[in-house]
Amino acid sequence: MTNLPLPNTAPQSTTTRVGLVFGGRSGEHDVSIRSARTVADALSRGDNRQRYQVVLHYITRGGRWLVGDGATAALSGAIPTGSDHHLPRLPTTAHQVDVWFPVLHGPNGEDGTVQGLFTLLDQPFVGTGVLGGAVGMNKQAMKAAFATAGLPQVSYVCATANRLAYTDELVNNVEQHLGYPCFVKPTSLGSSLGISKAGDRGALLAGLQAAARLDDHLMVEAAVPARELECAVLGYGHLDASVVGEILYDAEWYDYTSKYSAGHSSLVIPASVPQAIHDRVQRLAVQATQAVGAYGLSRVDFFYQEDSQALYVNEINTMPGFTSQSMYPLLWQASGVSVEELVHRLIRLAQECHQGSPPHRTTNQPIQSTELSC
Ligand SMILES: Nc1ncnc2c1ncn2[C@@H]1O[C@H](COP(=O)(O)OP(=O)(O)O)[C@@H](O)[C@H]1O
Ligand SMILES: [Mg+2]
């Protein structure tokens, strides 16, 4: 349970009603609840208290939408019980919402699905649209988009779960193109779910089998020993990049436990890197966001090899973690944008986007051919 002040739910005629959507049908359900608390809290403080009325919409793990007491309880950590065995229905409160704020991470939320729903409803919503969400969430599509934009990435091989019937061919391909160690990943998850590091053929096979239980599409990447840098992006049309942060963790790699268990990781903001690297990360973060057609908010993650000064774009998150300890709001705070101002700007961007000014396209990157083995 949390002692956060309750969100400002008192109806006031001049306030904007924000439909805060959280929970959801992905493995990142719990993180979404924590992110939603930060957003609800920020919408209830300072000037935002007069500006916004929060209408909580909680999506159960089974996909049921709850409003009212059930949603308030869920935000406080008391997950309502009850059957999820019926078709998910949008609550009748939906038509009272002026702008949606989906704080959903992972599949069925960050991947264009809920964005498609709000687009059909013709209502403004925070964050990227269908395309940016869908491409950003699928590592294979994301990497193809990055390659087209000429962004630096580590080498990788794609596979389908049913190709595991021909494992020799796949493993030979991995060994020939990548070698060990390598990372095996489901294509469409997040939060390190289903990811493993393989140091030999046995671990690779085990990793592929484990990832195939979670996703039909898999990828294997060459492991790079590197520092991990992250940069936050905000905007519609013109995109701003935050200061750059670094993740430190006490595990071999940044797995689910080191991400979400207290005391296993820490953030260094700003990252201690040469100014030229800092500036390059910011430029690449904006280019990566444009490459997948995203806008609103994103966090772009990098591998940085200090010796060679090499930078590789690892991935983009179009609904990054938004908990009080998360990199995204903390990067903006360090860049001079408080979390209250951040959520306010995000809502203004959503309204601007809905009013139809097309995001101008500033990607003038030459299309480079990148050697891929997909
Ligand atoms: N190619 C790689 N080289 C080194 N570390 C990697 C590589 N790929 C993934 N990792 C480690 O695994 C973590 C999670 O991988 P990532 O692709 O970011 O998945 P997710 O989308 O679940 O966050 C990274 O933060 C990093 O610690
Ligand atoms: Mg990641």
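Every residue gets a Cβ built from N, Cα and C, even glycine.
Automatic prediction, not curation, is the source of TrEMBL annotations.
Feature annotations, reproduced from TrEMBL:
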- Glu28: active site (ACT_SITE)
- Lys139, 183-185, 191-192, 221-228, 314-315: ATP binding site (BINDING)
- 143-348: domain 'ATP-grasp' (DOMAIN)
- Ser191: active site (ACT_SITE)
- Asp301, Glu315: Mg(2+) 1 binding site (BINDING)
- Glu315, Asn317: Mg(2+) 2 binding site (BINDING)
- Ser326: active site (ACT_SITE)
- 355-374: region 'Disordered' (REGION)
- 360-374: compositional bias 'Polar residues' (COMPBIAS)
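One residue stands out among the binding-site residues Lys139, Arg227 for having the most other Cβ atoms within 10 Å of its Cβ: Lys139. Checking the binding-site residues Lys139, Val184, Ser191, Ala223, Arg227, Asp301 against ligand 2 with a 6 Å cutoff on the Cβ atom leaves Asp301, in sequence order. With Glu221 (ATP binding site) as the anchor, the candidate recorded positions are Glu28, Asp301, Asn317, Ser326, and the one with the nearest CA is Asp301.
Cα spacing between Glu28 (active site) and Ser191 (ATP binding site): 7 Å, rounded to the nearest whole number. Non-local neighbourhood of Asp301 (Mg(2+) 1 binding site): Glu228, Leu229, Glu230, Val313, Asn314, Glu315, Ile316, Asn317, each in the same chain, at least six residues away, with C-beta under 8 Å from its C-beta. Between the CA atoms of Pro225 (ATP binding site) and Ser326 (active site) there is a gap of 24 Å, rounded to the nearest whole number. Ser326 (active site) is 22 Å away from Lys139 (ATP binding site) when you measure Cα to Cα.
In this structure, the recorded positions under consideration are Glu28, Glu221, Glu315, and the one with the smallest number of other Cβ atoms within 10 Å of its Cβ is Glu315.
In this structure, the binding-site residues Val184, Ala223 were compared by how many other Cβ atoms lie within 10 Å of their Cβ, and the smallest count belongs to Ala223. Annotation note: Lys139 (ATP binding site) sits in a helical segment as assigned by DSSP. In the predicted model, residues of the domain 'ATP-grasp' (143-348) average a pLDDT of 95. Ala223 (ATP binding site) and Ser326 (active site) have their C-alpha atoms 25 Å apart, to the nearest angstrom. Using CA atoms as reference points, the binding-site residues Val184, Ser191, Arg227 were checked against Ser326 (active site), and the closest is Ser191.
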